[in-house]
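Read through the structure below, which is laid out as structure tokens, and then see the notes.
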Amino acid sequence: MESIKIGLLGFGTVGSGVYSILEDNKDKIESHIQKKLEIKKILVRDIGKQRNVDVPKALFTTDAADVINDPEIGIIVELMGGIETAGGYIKAAIANKKHIVTANKALIATQGDEIYKLACENGVELRYEASVGGGIPIINTLTQSLSANNVDEVCGIINGTTNFILTQMDEQGMEFEEALKLAQDRGFAEADPTSDIEGEDVAFKLAILIEVAFGIKLSPYDIPREGITKISKRDIEFARELGYKIKLVAAARRKGNSLEYHVQPSFLPLANPLASVNNEFNAVLVRGNAVGELLLYGKGAGSTPTGSAVLGDILEISKIMGTDYKAGAPLRNENKGFQLEGEGVSAYYVHMSAKDKPGVLGRITSAFGRYEVSLRSVIQRSRAEDTVPLVFITHETERARLDSALKEIELSNDVSKIESVLRVEKK
Ligand code: NAP
Ligand code: HSE
């Protein structure tokens, strides 16, 4: 049987998952592709580090050239993370005619087009299924199964760490920091978890989904985004009381000739299927003009769920190696002349701490009125020291209008702090 040699760049959470799946499911994999797969070299930073899977020490190297210049290696699997170093190694490997598999959303969202072009010029595959949604096959679904559709909406929970934190805060009453530590211990978080909790990781993934689903190249840094660091247990309690769950939602929706997109913590009504997606699970809802609504659900982070998606890519490439067939997941910047609208309009939840004095509520509602922000409901809680928590749910409005009203309200003497502002989804 022909043997395909693989080089791994990185052997952390995902790299070790790939190795274990390949060991555990060897027979099934080899009979499926009718070829042998062999991991020939593994790049790491520290060869002496304790690993949680048994690997012959001789496979490890700290010299990237041992992997990317090895003439026997046909597929390079980049699982290091980071942009510049990982990108440099991938480009060098492509120049050496190696096929590429990566789980690196930061790299694909920022340099994907350049790397894809290079891969095409060199006649090699670039695949990145694991970069969005961990084990969920969302890239393949969009690029292959749904390729006859015009996509109208892609919306989902696509970060395991933040969803784990929000679930633990809601269901176990856990503090933010404790839940984050647990997510890190379980291997869900990025090397720098700021990227998760500030919504950057989600913006990378949404930029990839927008390109794959709508053919529009968008910088992830141009996507309006907010993370979950300002969400308090009090917000979670208000959400529960009002019949919602708070989730970090990424969405891109076509409205006529324009595209709206955002990454924001949102109030989701309990009837929304995304409201019951918990812990490290992710879900992506796709609406295509032929298929209608489709919901993909599964583990969005972790060693073997992500390793499963990486191996799916490796197997697809292995099957076509030595043939002229190209199966790659295309990045397609077709620029169809969409108006890029940013976050569009939404209803919002606003939580503020207000001074407990006569006339305050009236002055705040008047300020909203001056900016034409119409209010759907108001909740005032009992006094806590000299401030009272005030919660407003607005009707649909532009975020800029709401922000102007809140700026005026915050500058007044009536409010000590705007605690949080979250989108409220209709259904
Ligand atoms: P990780 O646990 O931090 O592992 C990173 C690995 O890369 C380690 O083995 C490290 O070596 C090696 N490495 C990093 N920088 C290096 C350098 N400059 N030179 C040589 N080796 C280097 O990361 P991970 O969680 O597996 O994530 C890997 C990639 O997958 C990232 O792009 C991440 O965004 C993506 N991803 C992760 C998940 C997940 O659930 N964790 C899910 C989907 C996608 P040492 O072991 O010696 O430190
Ligand atoms: N840090 C990411 C997450 C890993 O928590 O979703 C999966 O991409």
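Using N, Cα and C of the backbone, Cβ positions are placed for all residues, glycine too.
Reduced to three states, the DSSP call for K205 (active site, proton donor) is helix. Of all Cβ atoms in the protein chains displayed, 27 besides its own lie within 10 Å of the Cβ of K205 (active site, proton donor). Per TrEMBL, active site, proton donor is recorded for K205.
Non-local contacts of G10 (NADP(+) binding site) by the CB criterion (under 8 A, 6+ apart in sequence, same chain) comprise L43, V44, E78, L79, M80, G81. Classification of G10 (NADP(+) binding site) by DSSP places it in coil, neither helical nor stranded. Annotated NADP(+) binding site per TrEMBL: L9, G10, F11, G12, T13, V14, G15, S16, in sequence order.
The NADPH binding site feature in TrEMBL is assigned to K105. Taking all protein chains in view, 28 other C-beta atoms sit within 10 angstroms of the C-beta of K105 (NADPH binding site).
In this structure, E190 (L-homoserine binding site) belongs to neither helix nor strand by DSSP; it is coil. For E190 (L-homoserine binding site), the same-chain residues that are 6 or more apart in sequence and have a Cβ closer than 8 Å to its Cβ are G81, T161, D196, D201. TrEMBL lists E190 with the feature L-homoserine binding site.
The domain 'ACT' annotation in TrEMBL covers 349-423. The average pLDDT computed over the domain 'ACT' (349-423) stands at 92.
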Residues within 8 Å of the L9, G10, F11, G12, T13, V14, G15, S16 Cβ centre (excluding the NADP(+) site residues themselves): L8, G17, V18, L79, M80
Distance-selected recorded positions near ligand 1 (C-beta under 6 Å), from L9, G12, T13, S16, K205: G12, T13
Within the domain 'ACT' (349-423), residues counted as helix, strand or coil by DSSP: 24 helix, 33 strand, 18 coil
Binding-site residues close to ligand 2 - of G10, G12, E190, only those whose C-beta is under 6 Å away: E190
For L9 (NADP(+) binding site): intrachain residues, at least 6 apart, with Cβ closer than 8 Å: L43, A64, V67, I68, I76, V77, E78, L79, M80, A86, Y89
Local Cβ density at S16 (NADP(+) binding site) - other Cβ atoms counted within 10 Å: 22
